[in-house]
Amino acid sequence: MALQLRTAFSNYNKGIALAAAATASTTLALFQYKSSNTKCDDDILHSPSYPWEHLGLVSSYDCAALRRGFQVYRQVCATCHSIQRVHYRELVGVTHTAAELVAMASEVDVMDGPNDEGEMFERPGKLSDPLPKPYQNEEQGRLANGGALPPDLSLMVKARHSGQDYLFSLLTGYCDPPAGKSMLPGLYYNPYFPGGAIAMPPPLNDDGVEYEDGTPATISQQARDVVQFLNWCAEPEADARKKDALTYMLVLGFTAVMTGYYKRFRWSTFKTRSISYVK
Ligand code: HEC
């Protein structure tokens, strides 16, 4: 009887172990699955998958890249795009020091008010202000860009399929249209943009910005940096979240081991007893 009980329990444990292994391998397989095939009837070239270092389970953002990316945004993209969900104060300790950001914010004139006389007034920007918008309203943005509105980039990485890979491919993917493809005036050929014709002129040029840390400002370097910065804008809590998750996993792991040990301890009397029937 004892033997039967023991066999039943060890089979039960084996069943759990098998189920756990199957779940783990399925999850791993799903993680590795990337749908980067291009089908014949697609009107878009799918972006390849790039090895972004900050996406690792225990890796963090590269602050030097974020600082360079913010520089690319300010000097290139900010002419047409806003990042209205990010405030100067949120960049403190991420891309620049508080003093640098105070100086940077104060260069911008911000409309505030009304004052005691009911008038709106202009004042120098403060840390609590959002990053400035290039256009006052949507109509102005459309007018300046041939009818196409440059979208806000705060959550752009989350708003597009394969976010960072797509953005990197879009910024580096401008090329001549294939033979037979005619482009309307004001549109540029980019195979990664749905339909292939985008109203954004190629924004990046080699040495278009001059990095203060001396990094060569190639197109792909600028694209990589600005995409990392835009990823931070969409997910500024990623580093803290990974750190918390690691702590939780360690604590949960410890609890699981202790629970297992405790279960064996409590059951040991049942598992080791022998029952004999005496007439
Ligand atoms: C000269 C103005 C201009 C500049 C500079 C510019 N953009 Fe754009 N951008 C546009 C316009 C206009 C659109 C809308 C395109 C469309 O809908 O055809 C756009 C669209 C986009 C999109 C959305 C594409 C999509 O899938 O809908 C992204 C992402 C983007 N820009 C990123 C950037 C980045 C990053 C920079 C800086 C490196 C930049 N842009 C610089 C004008 C600009």
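Every residue, even glycine, has its Cβ placed from backbone N, Cα and C.
Pulled from TrEMBL, these are the features on record:
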DOMAIN    64-165  domain 'Cytochrome c'
BINDING   Cys77, Cys80, His81, Met200  heme c binding site
REGION    122-141  region 'Disordered'
TRANSMEM  245-262  transmembrane segment
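Looking only at other Cβ atoms within 10 Å, the busiest spot among the binding-site residues Cys77, Cys80, Met200 turns out to be Cys77. In terms of DSSP helix, strand and coil, the domain 'Cytochrome c' (64-165) has 42 helix, 12 strand, 48 coil. The heme c site is defined by Cys77, Cys80, His81, Met200, and by the 8 Å test on Cβ atoms against their centroid, the other residues of the chain that qualify are Val76, Ala78, Thr79, Pro150, Leu153, Pro203. Annotation for His81 (heme c binding site): same-chain Cβ neighbours under 8 Å, separated by at least 6 residues, are Tyr73, Pro134, Pro150, Pro151, Asp152, Leu153. Computed over the domain 'Cytochrome c' (64-165), the whole-number mean pLDDT of the model equals 96.
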